[in-house]
């Protein structure tokens, strides 16, 4: 019991001494041991690494899960060391609604068939998103969290110890200075000087040891950067794979919809090409999608055979191709940006499409990819 009381009294005395030293330093009434420039640079780089890691981690979490309530729920599950329940992605939920709508509105109608096709694509997009979130969480978010909750906590602990050792060292320096001043005034040997010098030597040794430990941990930030660089490459790779899957799924869906007969009642005016800041030679991956109504005949009528199509006596026009276009099937004409072709319309054609001719080749072409010339 007496030992514990003495220890508590000693700890309280040390804390009070550190508090006095810290306060006097703030008011410029006490000297402060400064760390070398290299050590200060290591501290600054460590602080910067910690701050930016936190920001990148938080924003990546927002990217992967925009819903703040869901993020809080996942955070609580992780703190309780429990498995996060599987959650339906927005794409999968949209696919479910579209499939149910098609079932109720008529799966054999043109609208119902299209809903089913789009629902299947959205389901695949949702599955791709789920895989991306899972991969990014393991390969990118987890290492960042491990640094903040592991290495950084260790560094912070050792930095606090170093700060305490420095305060103890400077307090010993101040006591020795006062003891020497008292000795000079008394003109006799003061035992306090010996005691103060011994305390200073001990404090200096403990400070040097703690400074070396902290320095090694701070220099380990370079290894942290290397690890985070590897994780960043893996994150980019998973994101690239995700967007590539999305592109393929949507391209497949676009081609499927492009083969359906035109069933929409639309304006007889050709659709205006979308505004774009890109040059006419922009690749097809960034071009507007072709119209979904690609048929030559109204529903219920046999499709017109291209080999039997003859241009009208009047009504043909020249058109300049704005963007590259890849034909979805043999009934369409592939286009190259900036080439000139002859175009015309036929009775019953979808207004979003024209017949295009280039030499002895002929096929359907989307109006949005053309600039009609007078």
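Including glycine, each Cβ sits where the backbone N, Cα and C put it.
Unlike curated records, TrEMBL annotations are generated automatically.
Looking at 206-235, 236-265, 266-295, the range annotated in TrEMBL as region 'Disordered' turns out to be 266-295.
Nonlocal intrachain contacts for the coiled coil (179-213), taken as residues 6+ away from its ends with a CB within less than 8 angstroms of a stretch CB, comprise 33, 35, 39, 158, 161-162, 165-166, 168-169, 171-173. DSSP states for the domain 'SH3' (314-374), grouped as helix (H, G, I), strand (E, B) and coil, give 3 helix, 28 strand, 30 coil.
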